[in-house]
Amino acid sequence: MSLLTEVETPTRNGWECSCSDSSDPLVIAASIIGILHFILWILDRLFFKCIYRRLKYGLKRGPSTEGVPKSMREEYRQEQQNAVDVDDGHFVNIELE
């Protein structure tokens, strides 16, 4: 007699889910949390660029201009704007064959 014949295999009834029609509050809460988690994950994947860009750059402010004369504020703003502006002549056209 081999060991395989001695091992009990569960019947089909043993594998059934006991929580499929359960009204247990813990099961209901877990289901709701799982569904909400899935919805939030989908939204995160769809809008992650907007969300993380807002968190990274949207909450930061520039340096304080308190006590700085208005002319210096305007000069600083102009320097920052010039640093952001891009000259169109610096673009390179690459053509693929």
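Sequential numbering from 1, following the chain as shown.
Backbone N, Cα and C atoms are what each Cβ position is placed from, and that goes for glycine too.
In three-state terms derived from DSSP, CYS50 (S-palmitoyl cysteine) belongs to a helical segment. The feature S-palmitoyl cysteine is assigned by Swiss-Prot to CYS50.
Swiss-Prot lists 60-80 with the feature region 'Disordered'.
The feature site 'Seems to be involved in pH gating' is assigned by Swiss-Prot to TRP41. Sequence-distant neighbours of TRP41 (site 'Seems to be involved in pH gating') (same chain, 6+ residues apart, CB-CB distance under 8 A): none.
According to Swiss-Prot, the topological domain 'Intravirion' annotation covers 44-97, on the basis of sequence analysis.
Residue density at CYS50 (S-palmitoyl cysteine): 10 other Cβ atoms are found within 10 A of its Cβ, drawing on all protein chains shown.
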